[in-house]
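According to TrEMBL, the transmembrane segment annotation covers 12-31, 43-59, 71-91, 97-115, 122-141, 147-166, 178-194, 206-224, 236-255, 261-280. The domain 'EamA' feature in TrEMBL is assigned to 148-278.
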């Protein structure tokens, strides 16, 4: 059986998206494993700083000449990246990785619905809200911590939505170099939160893990997503990446031993379906790209 050129491109693009999701969720799981040594804030600083350095040289960002009138929009882009990553790591300190990933999907979902011309798309927001409700823990000694984690995940979702809106404009100005510029600003913004960086940098094991996290969470998925977006329709790409919480459930189980309840799995499933629903909507002409750094 022979594959046509189009079929081959589509297949390789889908494989690239799957590997990117595995990479992102593995990076998040490894980051969480470091929280016994470093705080989420310090891990965020290390991850963003190393990612910024990698992409600065990898994407030749030094060639960019920032225009004065565009500095503000790039700064806001950096704020979005910093907030998205910082609050995601704060979230996974107290809730499973897959749950935080699922709640984060509500950011792109709300952006898509806001720009939709079809009022029926607001039903997907209702479905997502039901999914989040199912993730709220029942009364237990850990419920307060888990509620805090869900709140942080919602804040991360807000910043992801902001990232999508601002990133579109930054991408038009700076093309493929935009992620590197955003990460540079983001890493500078989170540095004040890193109170244990000297210790971290002197610890070889911690420094190597931070490098692995930066590669898995930014450099590797970015290259794979850029390849996939050239081969796949934007909505197809979005539908595929909506399955990230499902991948996260599997990856975090093997790396961290995290196990979800049936109700939590059901809640994640509803949020994933709501995200896919907005992307498959007939009015989905906005074709929002949901890639993140």
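Placement of Cβ uses the backbone N, Cα and C atoms for every residue, glycine included.
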DSSP residue counts for the domain 'EamA' (148-278), split into helix, strand and coil: 118 helix, 0 strand, 13 coil
Beyond the flanks of the transmembrane segment (122-141) by 6 or more, those residues with Cβ under 8 Å of it: 95, 99, 102-103, 105-106, 109-110, 113, 147, 150, 154, 263-264, 266-271, 273-275, 277-278, 281
Cβ contacts the transmembrane segment (12-31)/the transmembrane segment (97-115), at least three under 8 Å, sequence gap 6 or more: yes
Long-range Cβ neighbours of the transmembrane segment (43-59) (under 8 Å; 6 or more residues past either end): 31, 34-35, 81-82, 85-86, 89, 176-177, 179-180, 183-184, 186-187, 190-191, 193-194, 197, 200, 206, 210-211, 213-215, 217-219, 222, 293
Touch test for the transmembrane segment (236-255) and the transmembrane segment (97-115), at least 3 Cβ pairs under 8 Å: yes
Surrounding residues of the transmembrane segment (206-224) on its own chain - C-beta under 8 Å, 6+ positions past either end: 16-17, 19-21, 23-24, 26-28, 30-31, 34, 37-38, 43, 46-47, 50-51, 54-55, 58, 179, 183, 200, 291, 293
Tertiary contacts of the transmembrane segment (71-91) (same chain, 6+ residues out, Cβ under 8 Å): 28, 31-32, 40-41, 43-44, 47-48, 100, 103-104, 149-150, 152-153, 155-156, 158-160, 162-163, 166-167, 169-170, 173-174, 178, 181-190, 193, 292-293
